[in-house]
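What Swiss-Prot says about this protein:
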{"type": "BINDING", "residues": "148, 149, 150, 151, 152, 153, 154, 155", "note": "ATP binding site"}
{"type": "COMPBIAS", "residues": "12-22", "note": "compositional bias 'Basic and acidic residues'"}
{"type": "COMPBIAS", "residues": "830-840", "note": "compositional bias 'Basic and acidic residues'"}
{"type": "COMPBIAS", "residues": "933-953", "note": "compositional bias 'Basic and acidic residues'"}
{"type": "COMPBIAS", "residues": "992-1002", "note": "compositional bias 'Basic residues'"}
{"type": "COMPBIAS", "residues": "1359-1388", "note": "compositional bias 'Polar residues'"}
{"type": "COMPBIAS", "residues": "1389-1405", "note": "compositional bias 'Basic and acidic residues'"}
{"type": "DOMAIN", "residues": "135-321", "note": "domain 'Helicase ATP-binding'"}
{"type": "DOMAIN", "residues": "512-662", "note": "domain 'Helicase C-terminal'"}
{"type": "MOD_RES", "residues": "980", "note": "phosphoserine"}
{"type": "MOD_RES", "residues": "983", "note": "phosphoserine"}
{"type": "MOD_RES", "residues": "1373", "note": "phosphoserine"}
{"type": "MOD_RES", "residues": "1376", "note": "phosphoserine"}
{"type": "REGION", "residues": "1-23", "note": "region 'Disordered'"}
{"type": "REGION", "residues": "808-848", "note": "region 'Disordered'"}
{"type": "REGION", "residues": "914-1002", "note": "region 'Disordered'"}
{"type": "REGION", "residues": "1354-1410", "note": "region 'Disordered'"}
């Protein structure tokens, strides 16, 4: 090679660039044929043409144009003159990998910066996008955060960005450019000065520091130096001389060398694991913020690990000031989001939280980029993630309880109470700062928390030597106190410490682990066993040694060079099938793809640690499906740790993922008012020794809400309920088999059957447990202003019990009162049944009609009368009684304006009650994760359909029995979970979900059906299981109860299996239905005994899961299992609730204080829907009356004054009714100041509670102080309005009622026509005043008035109806900020109570006739009693004062939409002169009292004590009524002076 020759830059057709020394094909000087030669030098002539001096094999030289040279195609045997060719020198180059994309550079900008083709060919699209994101912020001189999930290649994206900015090519050219400058000059190649000036600093944890260097060396030719260890001073000199391009250092070294590094000019600072910058007060945060570089790039997959303050800290480092100050961020984002995430949040809290979430996401969107693992789902195997709750051994329980009973723990628990010395300070800050040994409460708190964690894992851990003398002293004292009760254990520990530590009998988890390892060894599974505690790893290691298992161990003490050796041995050696790994030490940089079972022996407080541990095996390169088992000690502090993980992960989903995450908890981290079930020392130092599972209770509670929402959603999508849905009701009527194909499309439209949840049904072991679990929900739901109605408290059982005789006689439920349980959104089974029922007579003519068609009420009545209920195989009388008591009525939900507008209204019209054991449901197994899958309905003959059903559906078809009923009900519930994902990381195809779901519903006594199941994989997707509906909800937990509740044992929920473990099908079931399996990411309860469901493609995997299920089923210490895959994230039901909360609060400005779990329709939506539904049925020339469309929204301060008037004085003109909203708000604030209120909110509350006269006087005084002449016509305006509105309103009401009657009559039966007509009259009376679009008085403010209009009839007494200001803001400009107060919960309750006073008589009549809620509350004089059997049944006679039950019976005809009745404003005092009734017990909010309500005898006693004349007595003697008499008396008698009660309304109370 001639070093003086000019460098080649000419391009040829064969190759872009030629270099001296390269081999080529050149024309032979003899015959012109191409032959091999080598380039000696390259020259350029005078004309600019490039020539190469080539040297042939015979040493001849010849000058040939570069264009004639061609590249040599190497052959294996071809001799090489050079050691490396260009391909060998390319970086990166993975010869065994195919290029994912073409080998072209990826252009980032027009100035020439691009990702070199050597790197770009291995990148995926999302990685190029990430590189472009980093480059964009670098160009603009700002920072950013790359927040991709673990395993998506953040390191590669950064390297791509560096290669582009440093103009790397990944070829020989980079080698030449990296040569020293004197060599470059000798080659007559000038170094690029611009590139030389660029220098980047990468800060990373020590554990991954050298991994960064390896990656940089692999992916390109970078000049890298490592600033760490002994050589950091020498390397720092090189950095100062700018002899490197990239400097690598650690957080600690950066802190030590901050001044030196700040003296250099860095092009950008890149920080790996940026979530370390999470504490504003931490030293590492201060150091990072002190770096003098504006381009700060952070890399983290978990930017939010514990709270939102961490997010702010990281973002404030990368982009200072982006999210404001810490105080501003907490007020604007953190508090609203966290409070809106509460399970008991109000609509305003939820809507405000979601709005804050969206604002935060919008604010961060340009500076924060996050992608999830769904991008690489096709490269990852399946993951089965399960929580395994292990019962403690008796010895563990005793020790755990003993620790909690120590004096120190008592001191901790009482530390926050007021000191006994009455100083006003807390005990821990006054007389009880330390214990008798001088240890502070804080020290004791942390020490005893550690002790409880040790006992929950293995009692022998208390005997282990501690790391510090203080800890050792404390542990010794605790052991002396605790083990004084167990001398045998202490003696054995001294004599045989090794044996004690390795003996599983001292730990419930160890017993489970022992059988798990044996199971994995048989199946040749390789197990990664993680533990956070190294002391616990010692115990596990000793167990492995005692068991003769070949294992490896890796923890923080393992040297770095040995780590890779251990990983390699474990992955490659078959004999080593267990590796003990420390959760923290093994969290980063380890690749255990050889393992397919991951066991987390103990949880950590930070969910990111556990996820990192799982990702050691579940990552790209894993060939087998991964099973993750997390062991949790039941009822201990570990359960709180896991639930806090869920809390943090849900918060991460909201803030980082901008998802409407499910709201499981009532707790808010850092809030003393909302410690809920998670936070506070009382939750940590608690032991649930009865075997109950807090996790199960919380997930079930959320599942009930979700199920109710989604069930209502299905109803709301079904259209006008005017037609029949053909479905045979009789249990022995055979289903037609030729309709499978026709039924398939109905899968998308049928009702969602996975929400058959009933709070009144027994949970776990006893029915009393249910009451205890649900009572707190009731009280917390009413924590917002408003008292729960009996509708929300599950009151239907009492009414149903009294009507049992009628039900048994004619198959029709006479009582039409219904309940939706404590959870307002939880619907009973019949709600779904009603949407899916078919008329038996129509079976032969039409098999599967559209689900828009609902059985006509008249036809239902006739049908039920002619049908005999078949009570099938009830095991005992107590069972029958319990089943009847658990029956509920359905709540048919209203229809909204679109399919996505799904709401739940607590008071809607109902369908008839269904006979037991008659309906079968067939939920389809097909469904995508993003679309709601609903379910069709079928029936089948119990006697004749066994063969066909078995072959088609793969279920056990026997004659209906408690066992079989239970099986089918459980199958049905689990079968509906196909809408959910299989993994929080991965989307699973529909077929996989089908198989997995079926495989997870297995029972011990159904092996005989497995062969049949393997015959129909295709049919299963279409025709799935047929299930019992009523038994489904009756036996949601088990139909087969024994005489003692305590003996009921369920495999997953029987927490004391030693004494209760019957091996029967009925008792070996798991109740997945308690969780909302309909939703995308919901938790599911995993049954113990799997039932095979075959598909050839995944049969091996299913067998693997079945094998694991079978193993877990046989472990006695496993108390409860649930899948962790669908717990985290959002759901469709939560999306509905969030959307409607925002709609109600921000658009309609109403219902803001209702619980967020209740969705409410607007009158606008209702009107549009009713117009669409009613118009086709209207006769020619007849329009639907306005009164029949409007809703009776009862508000305590309605606005009736809607006239627009103008008053003229000498110099001033006053316009009434057209005040702009801005002026209204402004003058309302002035009014608050005028009346010396401390705030606008206080003034709004004062107005709400003030009497009519007080409000009138306040308005007059305020405006008269500015305009004295206002006082003259102020009152006249009101009185004028009152008179005209009363007269005209009554006339218009009657006209509209007549129209509505003629409109509805053709579709109703005789009795229904009459009752509906009355309801129409009543509705019209409420809403007819809406026609008078009188505007509010405008004195540069919005003045509104209110009146109560009484409609009296000579024969029938009507209720006082308060006309409301029109909610439809499009109709009335007065729907403004002022009206929000009138929509507040207290106001609504007040008016509703006024209405109730005068409706007692009609309510009695209604109750006697047993009319459903499709029928009205008010009756005309010509009432007809449809069912004489119930004529003498009076709810008033049963309960006493039943006026509070008004909304139970309130209905508005066949209208598809109905606003809910408002809950009461608060608990009311019981009158002294009457006995305690049902409502008094509910007001006590006492778990014990509420649990009594499940006892039929108690309810009967209450009914007997109830006074009969209470409602009439109230009218005569208000002072002795249910409510106290005072200035704020809710049912105050009407007087003309009340018309001045219309004060200016504000949105403050909302």
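Keep in mind that glycine also has a Cβ here, set from the backbone N, Cα and C atoms.
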Any further residue of that chain within 8 Å (Cβ to the Cβ centroid of 148, 149, 150, 151, 152, 153, 154, 155) of the recorded ATP site: 301
Mapped DSSP class for residue 155 (ATP binding site), helix or strand or coil: helix
Packing count at residue 155 (ATP binding site) (other Cβ atoms within 10 Å of its Cβ): 19
Local Cβ density at residue 150 (ATP binding site) - other Cβ atoms counted within 10 Å: 18
Where residue 149 (ATP binding site) sits in the secondary structure, as DSSP reduces it to three classes: coil
Neighbourhood of residue 154 (ATP binding site) by C-beta distance under 8 A, where only residues 6 or more apart in the same chain count: 130, 146, 148, 272, 299, 301
Cβ atoms near residue 149 (ATP binding site) (within 10 Å, other residues, all chains): 18
Cβ contacts of residue 151 (ATP binding site) (under 8 Å, same chain, 6 or more positions away): 373, 376, 615, 619, 620
Overall pLDDT of the domain 'Helicase ATP-binding' (135-321), taken as the mean: 86
Other CB atoms within 10 A, centred on residue 148 (ATP binding site): 21
Packing count at residue 153 (ATP binding site) (other Cβ atoms within 10 Å of its Cβ): 18
Count of other CB atoms lying within 10 Å of the CB belonging to residue 152 (ATP binding site): 23
